[in-house]
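K.L.:
According to TrEMBL, the record shows the following:
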type: ACT_SITE; residues: Glu313; note: active site, proton acceptor
type: BINDING; residues: Tyr134, Arg141, Tyr194, Arg207; note: substrate binding site
type: DOMAIN; residues: 53-174; note: domain 'Chorismatase FkbO/Hyg5-like N-terminal'
Amino acid sequence: MIGSRFIGCDAEAGANALARVVFGATSGPARIEHGVPTLHLAMSDDARDAFAEIWTSAGPVSSGRFKDLVFAHDDAFLFCAGNIASSAHYTDATREAYGDAFALVEQLGFPKIFRMWNFIAHINGANGEGLEVYRDFCRGRALAFEQAYAEAFGMPAATGIGTRGEGVGFYFLACRNASPRHIENSRQTPAYAYPQRYGPKPPSFARGTLLRDALFVSGTASILGHETMHEGDLDAQWRVATGNIAHLIGADNLRAQGAHDGFALHDLDQIKVYYRHFADLPRVKDLARAAFHRDANIRFLHADICRADLLVEIEGIASHRHRSD
Ligand code: 3EB
């Protein structure tokens, strides 16, 4: 199995590193650095807040490039990262970049994508024809998934969030033989079934993906059904978002989908909390401390969120690593 951890951005990635994603003050194209696929995302205006997310394999890794994508894999798992150039129209470029990604995973024999992240500049801004950039991105992504991929493999857990960088930086994980299972949340309309008022094509992602003993939880916000709850109220949005995660990963929701005995919020780790307003950081930290396991790794990222009325979004990985406590 592979795993991730957060480290200082100057620390060594160590042996068998599949990837290094730097959440810092600058952005740049995905490239191979010291043999490791590396993506720099501009998520803070203060370099002192920078950290790196490291993905590590249990065994030896080989890396390479395909078009504008960089990747690394072991026997069982693949990491891949890429960029979409800044543009007034994202639909076609997104469709192409995702198309390249689907071609790559097929060629390398890791066809099953189980977790994706997308960092979108000016996510709530307007493109050249007045369409919100996020909706423009979603249209291209949906067209790529529709072209063949979704029917065969479904849509994975994902995050779609703002960044201070340019264009779109994205990365994802895929596997060869394991059987990822995409999970929905009975409190929320599946994102791929959102009505058209949220954009010409719906977002292409599952609420979570179960892989072996880990449940990868998508970016989760204060949405019930398809509607934003508690506009302008951080505490209430936090309660709905964490309530959504608790329900998603809980036994009732998972058993109803034939899946698992369930997790609780204390089982969540490798947590990222995205919050819209810098002034909310102290409160968000207090809320997180009260909600999650004391040993959970948590990072707080000041970012725009894909709906202008959302104040907070939370992602993580549920597993039983803290169960003995
Ligand atoms: C939502 O539930 C909030 O477009 O990939 C969460 C996770 C959200 C992933 C994506 C968007 C995405 O609709 C936004």
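Note that the numbers count up from 1, one per residue, in the order the chain is shown.
Note: Cβ is positioned from N, Cα and C throughout, glycine not excepted.
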K.L.:
According to DSSP, which of helix, strand or coil covers Tyr194 (substrate binding site)?
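P.N.:
DSSP assigns Tyr194 (substrate binding site) to coil.
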K.L.:
Taking just the CA atoms, what is the gap between Arg141 (substrate binding site) and the residue listed as 'active site, proton acceptor' in Å?
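P.N.:
On Cα coordinates alone, these residues lie 21 Å apart.
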K.L.:
Would you count the other CB atoms within 10 A of the CB of Tyr194 (substrate binding site), including those on all shown protein chains?
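P.N.:
Excluding its own Cβ, the number within 10 Å is 19.
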K.L.:
Mind giving me a neighbour count for the residue listed as 'active site, proton acceptor'? Other Cβ atoms within 10 Å of its Cβ, every protein chain shown.
P.N.:
27
K.L.:
Please report the DSSP secondary structure of Arg207 (substrate binding site), reduced to three states.
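P.N.:
It is coil.
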K.L.:
What are the non-local neighbours of Tyr134 (substrate binding site), defined as same-chain residues 6+ apart in sequence with CB under 8 A from its CB?
P.N.:
Ile120, Ile123, Asn124, Gly160, Gly199, Cys306
K.L.:
I need the CA-to-CA distance for Arg207 (substrate binding site) versus Glu313 (active site, proton acceptor), whole Å please.
P.N.:
13
K.L.:
Rounding to the nearest whole angstrom, report the longest C-alpha distance spanning Tyr134, Arg141, Tyr194, Arg207, listed for substrate.
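P.N.:
It comes out at 18 Å between the most distant Cα atoms.
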K.L.:
Measure from the CA atom of Tyr194 (substrate binding site) to the CA atom of Glu313 (active site, proton acceptor) and give the result in Å, rounded to a whole number.
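P.N.:
Taking the Cα atoms only, Glu313 (active site, proton acceptor) lies 18 Å from Tyr194 (substrate binding site).
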K.L.:
Find, among the binding-site residues listed as Arg141, Arg207, the one whose Cβ has the highest number of other Cβ atoms within 10 Å in the structure shown.
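P.N.:
Most Cβ neighbours within 10 Å: Arg141.
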